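Participant: Below you will find the structure I want to go over with you.
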Amino acid sequence: MRALSGRINPHTMEAFLISTSVVALAEMGDKTQLLSLVLAARFRKPWPIVAGIFVATLVNHALAGAVGAWITSYLGENAMRWILGLSFIAMAVWMLIPDKLDEDEVSGHSRWGVFGTTLVAFFLAEMGDKTQIATVMLAAKYNAYLWVVAGTTLGMMLANAPVVWLGDKLVKRVPIRLVHVISAVIFLVLGVLALFLPGAGVLA
């Protein structure tokens, strides 16, 4: 029941803050942020685009978080330690690999209006993406489903909503490579802690 609790404590606050920061950093220069730029340039209607991003992210990450919570109920503590540790380290490496966007992901759904196009395009773009996999792992690590999903969703909005209004002016001002290195370091720390100090918190 702790995973579904809304009570704030150091554990759930860490889950929320780490989930928010990791996803916000991981999104910089990611294909879904590039998708935000394409949608903003094509439709020039920021509010339905942002609404579509929010709904798609919330649904996608809610499902991903549920998978993470489900995994913890079926695997033993030792198995989870190794799976999480190695997965976080693999994610650290993945963070250093640049993403590319296939613009067909947008054009194939444009008949559904601005909100519908954004919703479908974002949901599909997130399938198997870094942030979706990260949500699964964070939900499995923290056993704080609501706080992880809230954090990863907020992180996505912090990275993508400003891009819809400000366009590539914002992206060009951000040192993407440095941001990805910082995100990779966070994932690496999470992996090392999971392997060697499974009870330790990142913010403790």
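Cβ atoms are placed via backbone N, Cα and C, with glycine included.
From TrEMBL, here are the annotated features:
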| type | residues | note |
| --- | --- | --- |
| TRANSMEM | 49-73 | transmembrane segment |
| TRANSMEM | 79-97 | transmembrane segment |
| TRANSMEM | 109-125 | transmembrane segment |
| TRANSMEM | 145-166 | transmembrane segment |
| TRANSMEM | 178-197 | transmembrane segment |
Participant: Rank 49-73, 79-97, 145-166 by Cβ pairs under 8 Å to the transmembrane segment (178-197) and hand me the top one.
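Facilitator: Top-ranked stretch among 49-73, 79-97, 145-166: 79-97.
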Participant: Restricting to the same chain and to residues at least six past its boundaries, which positions have a Cβ under 8 Å from a Cβ of the transmembrane segment (49-73)?
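Facilitator: Here the qualifying positions are 3, 36, 39-40, 43, 80, 83, 114-123, 126-127, 131-133, 135-141, 143, 145, 148-149, 152-153, 156-157, 160-161, 164.
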